[in-house]
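Chemist: I am attaching a structure below and will ask some questions about it afterwards.
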Ligand SMILES: [Zn+2]
């Protein structure tokens with residue numbers, strides 16, 4: 001069902017948790033590979049022993 005009067009998706013854009021820019025779907029939940037890597041490095045630096053990336057409750061498939 002398509003509602004022609006529906007507001008554009010831009011009103012609820014999600015943002016990169018690293019730099020707060022609008023996220024890019026290809027790098028979700030981040031805006032770029034740089035931010036994704038930065039998040040990973042931060043986790044490693046802080047010594048978290050996680051067997052994978054943290055779960056993202058906002059992930060929409
Ligand atoms: Zn970013």
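Cβ atoms here come from the backbone N, Cα and C positions, even for glycine.
Sharing the record's features from TrEMBL:
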BINDING   16, 19, 31, 35  Zn(2+) binding site
Chemist: When DSSP states are folded down to helix, strand and coil, where does residue 35 (Zn(2+) binding site) land?
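Modeler: It is helical.
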Chemist: Using a Cβ-Cβ cut-off under 8 angstroms and a sequence gap of six or more, which residues of the chain neighbour residue 31 (Zn(2+) binding site)?
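Modeler: Expected: 15, 16, 18, 19, 21, 22, 23, 24.
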Chemist: Near the Zn(2+) site, what residues other than 16, 19, 31, 35 in the same chain have a C-beta no further than 8 Å from the centroid of the listed C-beta atoms?
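Modeler: Once 16, 19, 31, 35 are set aside, the remaining close residues are 15, 17, 18, 20, 21, 23, 30, 32, 34.
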Chemist: Any idea which of the binding-site residues 16, 19, 35 has the thinnest Cβ neighbourhood at 10 Å?
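Modeler: Output over binding-site residues 16, 19, 35: least Cβ neighbours within 10 Å is 19.
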